[in-house]
Amino acid sequence: MSAEDTHGSAEVAARVERRWATIAVIIVVGMALLAAFAGIHRATMPQPRVETTDPSRIHLSGEFVESNLGSVLEANGNVTVRAIGQQYSFTPACIVVPVDTPITLRATSADVVHGILIQGTNVNTMLVPGYISEQLMRFTRTGDYLMPCQEFCSFGHEGMWGKVEVIDKSDFADRAKGGGRLSCVGQ
Ligand code: CUA
């Protein structure tokens, strides 16, 4: 191989290297922008906001007492769902929400780490004792969605299931008329 050839291939190598370096930088910048976008829109964990709660007292007072769990229709038409996870169930075990409505899920754990996953949606959040998990959601079609616990939480984990029932907006409004907290437990 002549000196000129060696020089030529070194130039080719340098050019290829620069090209791939540029592609790598574009990928890294693109992923950083995606992460920033998701973070700004609170579409992913970790949450930009940390709220804490005392797991030994959630049954006694505050936002997560039993009488405050379930779905509530807010004055602005949005819905807030409050739930807790404990070994081995969710309360409420059946969550009822209206279709096509902005919903804020607020949940925590009474004992160990659990997870809430709603099948067929991007709702998937951990319930960590001492912390409140908040996730925005919206359902575009009515029906039943399974809600398994998706964090191993000891021997009863595989039996820890809940359900989300998405119903008509007007049906939900009817049921919410009397105020109070709605669920579909026992229906
Ligand atoms: Cu709760 Cu697994």
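Every residue, even glycine, has its Cβ placed from backbone N, Cα and C.
The following features are taken from TrEMBL:
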TRANSMEM  20-40  transmembrane segment
DOMAIN    76-178  domain 'Cytochrome oxidase subunit II copper A binding'
The domain 'Cytochrome oxidase subunit II copper A binding' (76-178) - residue tally per DSSP class, helix then strand then coil: 11 helix, 51 strand, 41 coil
Whole-number mean of pLDDT values that fall within the domain 'Cytochrome oxidase subunit II copper A binding' (76-178): 94
